[in-house]
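This report refers to the structure that appears directly beneath it.
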Amino acid sequence: MEGKPMRRCTNIRPGETGMDVTSRCTLGDPNKLPEGVPQPARMPYISDKHPRQTLEVINLLRKHRELCDVVLVVGAKKIYAHRVILSACSPYFRAMFTGELAESRQTEVVIRDIDERAMELLIDFAYTSQITVEEGNVQTLLPAACLLQLAEIQEACCEFLKRQLDPSNCLGIRAFADTHSCRELLRIADKFTQHNFQEVMESEEFMLLPANQLIDIISSDELNVRSEEQVFNAVMAWVKYSTQERRPQLPQVLQHVRLPLLSPKFLVGTVGSDPLIKSDEECRDLVDEAKNYLLLPQERPLMQGPRTRPRKPIRCGEVLFAVGGWCSGDAISSVERYDPQTNEWRMVASMSKRRCGVGVSVLDDLLYAVGGHDGSSYLNSVERYDPKTNQWSSDVAPTSTCRTSVGVAVLGGFLYAVGGQDGVSCLNIVERYDPKENKWTRVASMSTRRLGVAVAVLGGFLYAVGGSDGTSPLNTVERYNPQENRWHTIAPMGTRRKHLGCAVYQDMIYAVGGRDDTTELSSAERYNPRTNQWSPVVAMTSRRSGVGLAVVNGQLMAVRGFDGTTYLKTIEVFDPDANTWRLYGGMNYRRLGGGVGVIKMTHCESHIW
């Protein structure tokens, strides 16, 4: 009753009144227990299972057509559903069912301009959070997702199409992205087209381009061509594919070919003598403009314009990839790359599996990740990364045995996997991969079992440096002769090292960091094959076990590692003239026990992804 304190009843222990159960009523704050009564403990609880289980039950209700309050009519298909689920997932349906539209009161709603199967897949996603995008459905799924404003599915479709990019289909994907306002996909397809123009211009899609799209492409300063002759030849091939229809469009298109950049011989002998060019006044004017530019160098400052601007040169450089490893107590699948030209670390596509202790090397400009440990299991699977498409593929044959802490290198067109451990024992097994046959073959085993071994190739030989035999770190080194299929012992290092970094620099093998019996190491040494001797090199600034070592654009770089306390995301660059290591930061992840590889890429390639 308003204005009066509430009564509260509390249980009295048996024996207080001679009754088993009774009540004692008090007046006061209903949220406060009487003195002497302990306050209850609190235990907040959040269920991880609840959302999934709830969705599963609601989906069962849908399948049994129970509690459904709307039927979507798509073509000849009727799809039973719940308005609240559709509204929660799709702004399109939320506007439809919560506004004043007629559909908000209808039990059957007709949805037009959408594929039946695509709608089924999207409704399934609303109830299950799962969908499979594939080549057979992406072209109907993306427009449907756009209509229903399902941003997540739009992104998934665009990501799928990015992975399918090829010189034969990039123009179609570009047009598809433009139609459906997928800006990121359009940007990627544009970059891909520009970089691969020499192959794209030979495709059927190129010949079918409308004039406005052709102009968009050839107008780009980023077009990857050896000379402007290729652009002219591409335009003339396009015109002659359908001469009668396209001849009137030639002057408009030719304006975007940079004729002043052609050689005089090609301009006069090929362009000026072409019958289609000669027969059109506007085309002849463009040729005359180019001739004047070439013949009157003193007038060139007054003649500058889009047609005289050189296309940006395609620069080549090496890019460093850091793959997998151990971070924050777990194996990781992430991959990042370092471009020395921009001094930037950027994330790229992750591997399909988490891998620490992974062996990494580059064969035919493709990055291979071999074996490793995913945090619970030892792996024999292999993945391959293509930097041109930013994709990992798992269609590489597995090694014959599971391996982590394995050394991997390329010699004579083969990928070698050396040593490691399989979860039972330390290995001396060596096998090599033939990319043409997609097959691994055993070769001669090392004389010593080695995990955490570093490998390098120099002078046609494969070197296995240090590691551990399963009991203690090693300073021994073996060299494999592929002609003899034999391993030979050579001079040992000055320091025992496992999980070290190794690379060939200035015709010598450098071994850095790692761990000995007691601690992580910052020391470094190098091997001279001419004298069969190891000699000390100035130590790095940081101790680094699980360090990666690579040569990038002529610079020796030590990447990541563990200093005994902290996982590192720094790199050090060796300066042989000053005999010092210079420390740099910038990696996205602190990493231990991953792999590194170096791929030569054009400037354009390195900026597509």
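Backbone N, Cα and C atoms are what each Cβ position is placed from, and that goes for glycine too.
A quick note: this is a predicted structure, and the numbers were derived from the prediction, not measured.
Taken from Swiss-Prot as is:
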DOMAIN    68-135  domain 'BTB'
DOMAIN    170-272  domain 'BACK'
REPEAT    319-365  repeat 'Kelch 1'
REPEAT    367-413  repeat 'Kelch 2'
REPEAT    414-460  repeat 'Kelch 3'
REPEAT    462-507  repeat 'Kelch 4'
REPEAT    509-554  repeat 'Kelch 5'
REPEAT    556-601  repeat 'Kelch 6'
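The repeat 'Kelch 6' (556-601) makes contact with the repeat 'Kelch 2' (367-413), as judged by at least three Cβ pairs under 8 Å among residues 6 or more apart in sequence.
With pairs at least 6 apart in sequence, the repeat 'Kelch 1' (319-365) and the repeat 'Kelch 5' (509-554) have 3 or more Cβ pairs within the 8 Å limit; the two touch. Per DSSP, the secondary structure of the repeat 'Kelch 2' (367-413) breaks down as 0 helix, 23 strand, 24 coil. Across the repeat 'Kelch 1' (319-365), mean pLDDT in this model comes to 91.
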